[in-house]
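A quick write-up on the structure given underneath.
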Amino acid sequence: MTCTIIVGGQWGDEGKGKVISYLCKKDNPSIIARGGVGPNAGHTVEVDGEKYGIRMVPTGFPNVNAKLAVGAGVLTDPEVLVREIEKLQKFNVGERIIIDYRCGVIESKHRDLDKSNEHLSKEIGSTGTGCGPANVDRAMRTLKLAKDVSELSKYLGDVSEAVNNAIESGDNVIIEGTQGSLLSLYYGSYPYVTSKDTNAASFAADVGLGPTKIDEVVAVFKSYPTRVGEGPFPTEMSLEEAEKLGVVEYGTVTGRRRRVGYFDFELAKKVCKLNGATQIAITCLDKYDPLCYGIIDYNELSEKGKAFIKEVEEKVGVRVTIISTGPELSQTIDIRNK
């Protein structure tokens, strides 16, 4: 039995969706629970060549044997959730998903306020999904909960009980984090942050798990970090330089072009300490060196690719156990047991 949390090590968009999907297929957990803020973060999952952009349903949905759960600490947008469940019908998501009855609910008034507030939309670069205003209402104890929304009734349950029961039964459990550690309301580059903490301890609390139940924390880092929206970015490169390197990307939720930078070893070290990371997953190694594309054996990586992995381990102080070399789940190097 292993309970694993996956956390973003940068400003989101690290490729957590790919890593989570891989682990959910490889480790075959009985339940995959989502922590985090809400539908302000998007994950892209590629299954058999088809891409799925999702914001509410847990990224591990391709594992049709696992229950899917959205923890009480996650804000829920019923419109987004129902739309995703319908879109993912062939994966039988509607019959497997549990929405905690204590989840806060985002309404149209929250989205409208998010988009119309000049400070949030222009200065901070909010995604406009209503999460910040909804969290304000939660703090004021006026927010509607999932149990109050009739269209969610057939999906409701107690996620904390489900996750704890799975652990007690000796099953594997995976907890998905969203966004990235550097967007944390408390530990990120305030005020250019999200409306809540985005670290491993908070993700455990989001799904109702105590800290002693966590076995592994996997921090996910992209070889070239990216950021959407405003805020400091110490190693940022010019857009022209990013184009030359072939690392032009757009946000899953906003569609905005992502800012790109070089790997920041010092920040990565701080993030791993903050999250108690036991493992590191490196994504987009094929962007760092195209010769690494599609490689599934560590020994076959280019010298440049190996040198980068070694540098991460030496400077950050945490072992790299998972390496993504392409968008497909099969394009993954897994050295956790080596």
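For all residues, glycine too, the Cβ spot is worked out from N, Cα and C.
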- [ ] According to Swiss-Prot, Asp13, Glu14, Gly15, Lys16, Asn40, Ala41, Gly42, His43, Thr127, Arg141, Gln179, Arg256 bind IMP; identify which of Thr2, Thr194, Thr235 is listed for that same site.
- [x] Thr194
Open item on the list: Which one is it: of the binding-site residues Gly12, Gly15, Gly42, Gly255, which Cβ has the fewest other Cβ atoms within 10 Å in this structure?
Closed with: Gly255
Task: Around the Cβ of Arg256 (IMP binding site), the count of other Cβ atoms that are within 10 Å - done: 13
- [ ] Sort out for me which one of Asn40, Thr44 has the most neighbouring CB atoms within 10 A, since those are the binding-site residues we care about.
- [x] Asn40
TODO: May I ask for the distance between Lys18 (GTP binding site) and Gly255 (substrate binding site), taken between their Cα atoms and rounded to an integer number of Å?
DONE: 19
- [ ] List, in sequence order, those binding-site residues among Thr127, Gly255, Arg256 whose Cα sits within 10 Å of the Cα of Gly12 (GTP binding site).
- [x] none
